[in-house]
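These come from TrEMBL:
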type	residues	note
DOMAIN	148-171	domain 'Glucose-methanol-choline oxidoreductase N-terminal'
BINDING	Asn158, Arg159, Gln160, Val161, Val299	FAD binding site
DOMAIN	340-354	domain 'Glucose-methanol-choline oxidoreductase N-terminal'
ACT_SITE	His579	active site, proton donor
ACT_SITE	His622	active site, proton acceptor
Amino acid sequence: MVQISKRRSIAALLFGVAIPVYSLPSIRTNTGIRPAIIAREEFEEDASTAIVPEGNFTATTFASSSADKGYDYVIIGGGAAGCTIANRLTEDPKISVLLIEAGPLDPYDPIIQIPGLADQVVGTQYDWKYKTVPQTSVNNRILDVPMGKLIGGGTALNRQVWQRASRSDYDAWVDLGNPGWGWDDLLPYFKKGETFYPPSPSLVNDWGISYDPAVHGYTGPMKNTVPDYQKAETTPWITAFSQLNIGIQTDQASGLNTNLFWTPAAIDPSNWTRQYARNAYYDPAVNRPNFHVLLNTTVTKLITTGTGPGIKVTRVEFATSKDGKRSYASINKEAILTAGTIATPQILQASGVGPQALLNSLDIPVVANLPGVGQNYQDHNNILSIFVTPGIPATPLDPVAALAEYNAYRTGPFTTPSGNLLGFIPLVTMTTNTTSILTKLGQQSAGQYLDTTDPTVVAGYSAQKNVLQTRLAQSDIAMTELIWAAPGIIVEANQHPFSRGSVKINSKSTFDYPNIDLRYGSNPLDWEVIADSHRFVRRVMQTPEMASKGAFEVVPGPDVSTNDQLTEYAKSGVSTLFHSSGTASMLPLDKGGVVDTNMKVYGFRNLRVCDASTIPLIPAAHIQATVYAMAEKAADIIKAAQ
Ligand SMILES: Cc1cc2nc3c(=O)[nH]c(=O)nc-3n(C[C@H](O)[C@H](O)[C@H](O)COP(=O)(O)OP(=O)(O)OC[C@H]3O[C@@H](n4cnc5c(N)ncnc54)[C@H](O)[C@@H]3O)c2cc1C
């Protein structure tokens, strides 16, 4: 079924120039040994011969054929979680699965495959291109919220950072009433989902990169490693931190995701291409006869019968256009919603599952009054600061030459999506104001800044505040992420925001975008944290190392110094770091939860949600590895429940 056509070279596609394809000079195995040269395949594939399963239907052929004999599981959304669960369930040939994905299957598009082009995918046809409603808390700005719309979802758009949060981040989920979802419970699934390739000898020699072999997996679908290509300009940043007595962790995957550390990228080191849910989980499963897929097909509604606590989803409704014919897939066992942090609450609400008042306002019959659907929206947001650093020359990048080198040898700057050295700084390291900030958090009434007055959601937020008050006072959990994006250009990202946003439908149609309200800084304490985070950056940039490089601040500039001034600066530029979470949280029902610890939606017999929307409290990490691990665990739960 798989047919690869040699259509165009990458360079021809991108720059209209032909660059010959040679062979890989080397690949790395997970033992770190570099074996013999192997030929490489072109990864381009003609869209007309793309990998599709035997049972791949268009919505039209599906509706007009006898295809719908009913599926054991209908999975809605083919992103990180959806592809993972589809793969694991169809391992059992007796289980039939239909996956419905609103977007296409990409034809191994080079902008997705080549790590060095990772930032090019946002804004293309693979992006939903969501926008927020005007954000009152940030000067009425309308913010972009990119999300993947293709098989692979956000994992096809992302910057490939492959990272776990700290033990404390996941143990906080247990504190909130989710036994079975702490660090020790998730670690086997982090391992199950990955094949980790240790750093090459040159990385060990040149950069001293270390790792803990015991915390990694070596046989799972998602390949990851630290790319060989690293830039000299990273060194002063490391030295500056060492002058503040902040060192480099042995391995960020060990449950201590703080200070500086080297983080792998989701990348296949045999050919230095992106690893995403499509090639890691979807492709290996795609030819199983028990796996059917609908592409370019939008789920519009869950058709249900009965009342709580025994509500049953009988069919899933879908269409290819807003006014197009509706078609249906019947469910023998369960519907599994994996449409991501925006579309999951949207589909639930459009199906009558959500806050009663919202559903009433749109004349949607209430199937289940679940006030938490669409609430508890959390995201890492970031600001940028710029320092001039005359003594740290930026490594020049010639994109045409870099692409040619990549295409010919799979070496050079395009083998890596971004830098791999990250700073995750605990609150207690970042500021002397920890006690003041956490005391103020404790003094706030829980409902004060929320987008709802529902007592269960308020109670859930109150519980989160309590957990954060305790855990953020420790040094084993991060508060701010600092990325040295280029010499002197620093991304500063709040990892534990106190603000909570929402997703609310404004029409009955899932083809219309919902109201997305990130509400960054709606809890003003977040601005204090951001201000102190920037003050910490100033400390780094004032170390003897940075002074010796002539570093001085230009944006926002040294005159921007009070909390009010720094807040105004942050409001003018804050944007997403792409980690939307929490809108269908795994929490107890009386804490505004939407799913229980088996990922079952409250009130339903056969509806589960598992994706970033079920994250109850956003962890301090880029979240894809967490979503994959949650989906691996959910798949086991679903299989065991059969
Ligand atoms: C630009 C960007 C950069 C990022 N960078 C990183 C990074 O470097 N490292 C990291 O760890 N994380 C990163 N992330 C986050 C990570 O990719 C996401 O958290 C992850 O993909 C979420 O997985 P998910 O399964 O919840 O949803 P998704 O992966 O978003 O999948 C949801 C799927 O559901 C489909 N869908 C939606 N609505 C419907 C519908 N009505 N019918 C049918 N299908 C539907 C969507 O098209 C999509 O394919 C980034 C994300 C983005 C967008």
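Yeah, the Cβs are placed from backbone N, Cα and C, and that goes for glycine too.
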Those binding-site residues listed as Asn158, Gln160, and which of them has the most Cβ atoms within 10 Å of its own Cβ: Asn158
Under 8 Å by Cβ from the residue listed as 'active site, proton donor', counting only residues of that chain that are 6 or more apart: Asp379, His380, Ala612, Ile618, His622, Ile623
Long-range neighbours of the domain 'Glucose-methanol-choline oxidoreductase N-terminal' (340-354), counting only residues six or more past its ends (CB under 8 A): 76-77, 79, 102, 128, 130, 145, 147-148, 153-154, 299-304, 364-371, 373-374, 377, 503-505, 508-510, 514, 516, 580-584, 594, 601, 609, 611-613
Among Arg159, His622, which are recorded positions, the residue with the most C-beta atoms within 10 angstroms of its C-beta: His622
Tally of DSSP helical, extended and coil residues in the domain 'Glucose-methanol-choline oxidoreductase N-terminal' (340-354): 11 helix, 2 strand, 2 coil
All-chain count of other Cβ atoms within 10 Å of Val161 (FAD binding site): 23
Largest separation between Cα atoms (Å) of residues that the record links to FAD, namely Asn158, Arg159, Gln160, Val161, Val299: 30
Count of other CB atoms lying within 10 Å of the CB belonging to Val299 (FAD binding site): 26
Assigned element (helix, strand, coil) containing His622 (active site, proton acceptor), judged by DSSP: coil
Within the domain 'Glucose-methanol-choline oxidoreductase N-terminal' (148-171), residues counted as helix, strand or coil by DSSP: 9 helix, 2 strand, 13 coil
Conformational class of His579 (active site, proton donor) under the three-state DSSP mapping: coil
Mapped DSSP class for Val299 (FAD binding site), helix or strand or coil: strand
